[in-house]
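Encoded as structure tokens, the structure appears first; notes follow it.
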Amino acid sequence: MNLAAMDPTTYDAQLEAKRIKLEQAFAQFETPSIEVFASDPEHYRMRAEFRVWHEGDDLYYYMFDKALNDKVRCDQYLPASTLINEMMAALIAELKPNPSLRHKLFQVDFLSTLSGEILVSLLYHRQLDDQWRAEAIALKAKLSSQFKVNIIGRARKQKIDLDKDFVVESLQVNDKVFHYKQIENSFTQPNAKVAIKMLEWAIDVTQNSQGDLLELYCGNGNFSIALAQNFNRVLATELAKPSVDAAQYNIEINGIDNLQIIRMSAEEFSDAMAKKRSFRRLEGIDLDSYLCNTIFVDPPRAGIDPATLDLVQGYERILYISCNPDTLKDNLQQLYKTHKVTRFALFDQFPYTDHMETGVLLERIK
């Protein structure tokens with residue numbers, strides 16, 4: 001974190017610098033003009049994590065500033081949502097005078113939503129007992145007069161949910177509202193308004209699609225649920241069980257009837273498609289019945305592994321969302337031999353950092 005860089009007056013210049021850097025880095029692929037999707041310059045992050053400092057009777061949040069090489073007190077935090085900032089103040093006021101709730105508390109995590117829900121996780125260097133639970137229940141009751149809040153307590157090999165360990169986000173995407181279960185301690189897009197722009201862009205570039213869609217690394221179904229409207233059927237894979245469970249929940253609450261989630265890794269799915277291995281998890285699913293002309297990938301920072309990249313290259317159209325331009329560039333070295341980049345986007349998920357989220361649509365060269 002570099003707090004000095006978080007200056008809304010410099011936001012536009014910082015975003016333009018990212019665009020230029022991206023354009024230069026991908027010039028060899030003859031990309032079209034970059035479509036740039038800006039963030040709000042402040043209060044854009046829907047989640048935030050803070051360490052907690054104890055100093056006599058005082059108690060406050062802090063972060064480590066790499067530029068200063070020191071901890072920085074954070075009574076408020078410009079990138080965090082307005083809801084998180086409001087909760088930060090209300091929560092610390094309740095924790096300070098409470099010996100049970102503050103004892104060996106070392107971290108607080110916040111997960112907020114545009115829909116108004118917020119989840120607070122309190123992390124401790126001690127085991128949590130019945131007294132802690134009673135005090136946490138009272139804390140939740142008091143905060144609930146102002147917030148739609150749930151509280152979780154965590155310690156080594158211990159997790160206490162007072163009610164539930166998730167929030168439900170609602171995103172207005174074009175003329176539809178999609179609802180997403182977001183689980184504590186699982187991956188979610190941190191910048192909800194930019195996430196909406198990403199979904200709208202993905203829907204736009206896949207309009208008038210033929211056949212079915214295959215998605216790898218689908219997470220909680222964020223993209224596949226929104227894209228289902230553009231395809232006859234969608235087949236999606238995800239390895240993490242909490243994400244698969246959330247995806248199934250999201251499919252149901254959004255009334256999606258043409259989306260099938262399979263719990264397996266991209267590498268395992270590549271083997272299944274190549275008929276190298278059989279999997280019990282695929283019983284009852286006829287892979288050969290899917291006519292997938294389009295594949296959607298949103299891989300981790302490491303990019304796509306070689307075997308999966310070979311699989312991806314076999315599709316007519318490839319929609320690739322990347323959180324790491326370096327590994328995207330590496331993957332394009334192979335994909336560019338058979339496909340042309342026809343759409344290219346920069347999504348500023350993380351203002352005031354070097355991080356760039358990108359999207360490319362590749363279409364097979366005729």
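Every residue, even glycine, has its Cβ placed from backbone N, Cα and C.
A quick note: this is a predicted structure, and the numbers were derived from the prediction, not measured.
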- So Swiss-Prot lists Q189, Y217, N222, D298 for S-adenosyl-L-methionine; which of E200, E238, E283 goes with them? E238
- Whose Cβ, among the recorded positions E238, D298, E357, has more other Cβ atoms within 10 Å than any of the rest? E238
- Please determine which of the recorded positions listed here (Q189, N222, C323) has the lowest count of neighbouring CB atoms within 10 Å. C323
- Query: Once the chains shown are all counted, how many other Cβ atoms turn up within 10 Å of the Cβ of Y217 (S-adenosyl-L-methionine binding site)?
  - Reply: 21
- Euclidean distance between Cα atoms of E357 (active site, proton acceptor) and Q189 (S-adenosyl-L-methionine binding site), Å: 11
- Note on the structure: Neighbours of E357 (active site, proton acceptor) among recorded positions Y217, N222, E238, C323 (C-alpha cutoff 10 angstroms), in sequence order, are C323
